[in-house]
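One structure is given below, encoded as structure tokens.
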Amino acid sequence: MNTVRVTFLLVFVLAVSLGQADKDENRMEMLEKTEQGKSYLDFAENLLLQKLEELEARLLEEDSEESRNSRQKRCIGEGVPRDENDPRCCSGLVCLKPTLHGIWYKSYYCYKK
């Protein structure tokens with residue numbers, strides 16, 4: 001009976017000590033995986049940030065192109081009637097006194113220089 005108790009106690013002590021070692025190993029393994037996960041998340045975050053910055057740059061570039069184009073669209077083109085006091089002829093055009101058809105409508109037009 002005594003040998004059974006000693007054997008049981010010995011097995012119990014070995015199981016507990018090995019279990020503690022496994023617990024420590026598991027803890028270390030979890031810490032390593034967490035650190036790897038953090039580095040992976042940092043990498044993914046940086047990659048996403050780069051893509052967003054590229055997208056933002058493209059959008060801002062398109063906005064600036066649109067604003068340049070929209071200014072040009074606001075000017076008055078060739079052969080379009082306009083008021084005498086409205087100096088919005090497009091670049092390369094000049095406002096002249098009405099001639100020919102402008103005389104009948106008493107409108108000013110933008111003509112090429």
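Numbering starts at 1 and runs along the chain as it is shown here.
Any Cβ shown, glycine's included, is placed from N, Cα and C.
According to Swiss-Prot, the features are:
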SIGNAL    1-21  signal peptide
COMPBIAS  60-69  compositional bias 'Basic and acidic residues'
REGION    60-87  region 'Disordered'
DISULFID  Cys75-Cys90  disulfide bond
DISULFID  Cys89-Cys110  disulfide bond
Rounded Cα distance, in Å, between Cys110 (disulfide bond) and Cys90 (disulfide bond) is 8
So Cys110 (disulfide bond), by the Cβ count within 10 Å over all chains shown, scores 22
Densest Cβ environment (other Cβ within 10 Å) across the disulfide-bonded residues Cys75, Cys89, Cys90 belongs to Cys89
DSSP says Cys90 (disulfide bond), in three-state terms, is coil
Under a three-state DSSP reduction, the secondary structure at Cys75 (disulfide bond) is coil
